[in-house]
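J.: Copied straight from TrEMBL:
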- Arg77, Arg102, Asp129, Pro130, Met131, Leu132, Ala133, Thr134, Gly135, Gly136, Ser137, Asp198: 5-phospho-alpha-D-ribose 1-diphosphate binding site (BINDING)
- Ile192, Gly197, Asp198, Ala199: uracil binding site (BINDING)
- 6-206: domain 'Phosphoribosyltransferase' (DOMAIN)
Amino acid sequence: MGVFEMNHPLIQHKLSYLRNKDTDTKIFRETLNEIAGLMTYEATKGLRLKEVETETPIMKTTTKVLADPVAIVPILRAGLGMVEGMVTFLPTARVGHIGVYRNEETLEPVYYYCKLPVDIAKSKVFLVDPMLATGGSANYAIDYLKQKGVKDISFLCIIAAPEGIERVQEAHPDVDIYAASIDEGLNEKSYIYPGLGDAGDRIFGTK
Ligand code: URA
């Protein structure tokens, strides 16, 4: 269990496009998905395998396939921006959704929607949100998944603030956190700095 900052040169190169305020919506969206895909490759290293009997054109043999169902659960709405990149590497994964937004005054998470795969309790779950800021929404979503019986959760984000990491680790030490970058901190509006701004607005072109 722990926190993993993904220093791969390709991830860092692509991250510089996301940080640039002049990157347009199209490139931002594509690059975010590319980073999410590269992170998926790393974050799935520990998935369990099981042996199955397979017949090649030559003979019967055993091959290895993923032992457990896998689910990707984006926290709406910005988490949606990572799903396409992740399913490229996990095409059999189911996708659930949790809707939590941050009350801009209290900064507390507000729940509004959830739809999860039926076998979620047996699944390895990758909970995703590009920005781990205060940790409020992440903790809310992890609590929610655990109440549904989920036992194996990893949290994937593009940028994490040390404050958010600390809060999630304190509440959920069993959850691995993967980030492309651990930034300096949170400003007075709880935005991550240097960060990349509002991830949802940049993915969906709403600002
Ligand atoms: N959410 C964002 O989209 N950006 C931040 O910097 C913090 C939270």
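Just so it is clear, glycine is given a Cβ too, placed from its N, Cα and C backbone atoms.
Note that the structure is a prediction, hence the values are computed from the model and not measured.
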J.: Under DSSP, is Asp129 (5-phospho-alpha-D-ribose 1-diphosphate binding site) helix, strand or coil?
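T.: DSSP call for Asp129 (5-phospho-alpha-D-ribose 1-diphosphate binding site): coil, neither helix nor strand.
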J.: Looking at the binding-site residues Arg77, Asp129, Met131, Ala133, Gly135, which has the shortest Cα distance to Ala199 (uracil binding site)?
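T.: Closest by Cα: Met131.
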J.: Could you tell me which of the binding-site residues Arg77, Asp129, Gly135, Ser137 have their C-beta within a distance under 6 angstroms of some atom of ligand 1?
T.: none
J.: Which of the binding-site residues listed here (Ile192, Gly197, Asp198) have a Cα atom within 10 Å of the Cα of Ala133 (5-phospho-alpha-D-ribose 1-diphosphate binding site)?
T.: Ile192
J.: Using DSSP with the three-state reduction, classify Ile192 (uracil binding site) as helix, strand or coil.
T.: strand
J.: Using C-alpha atoms only, work out the spacing between Met131 (5-phospho-alpha-D-ribose 1-diphosphate binding site) and Ile192 (uracil binding site) and round it to an integer in Å.
T.: 8
J.: Counting only residues 6+ apart in the same chain, whose Cβ is under 8 Å from the Cβ of Gly197 (uracil binding site)?
T.: Lys21, Tyr191
J.: Cβ within 8 Å of the uracil site's Cβ centroid: which residues qualify beyond Ile192, Gly197, Asp198, Ala199?
T.: Pro130, Met131, Ile159, Tyr191, Gly195, Leu196, Gly200, Asp201, Arg202
J.: Through the lens of DSSP with three states only, how would you label Gly135 (5-phospho-alpha-D-ribose 1-diphosphate binding site)?
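T.: Going by the DSSP assignment, Gly135 (5-phospho-alpha-D-ribose 1-diphosphate binding site) belongs to neither helix nor strand, so it counts as coil.
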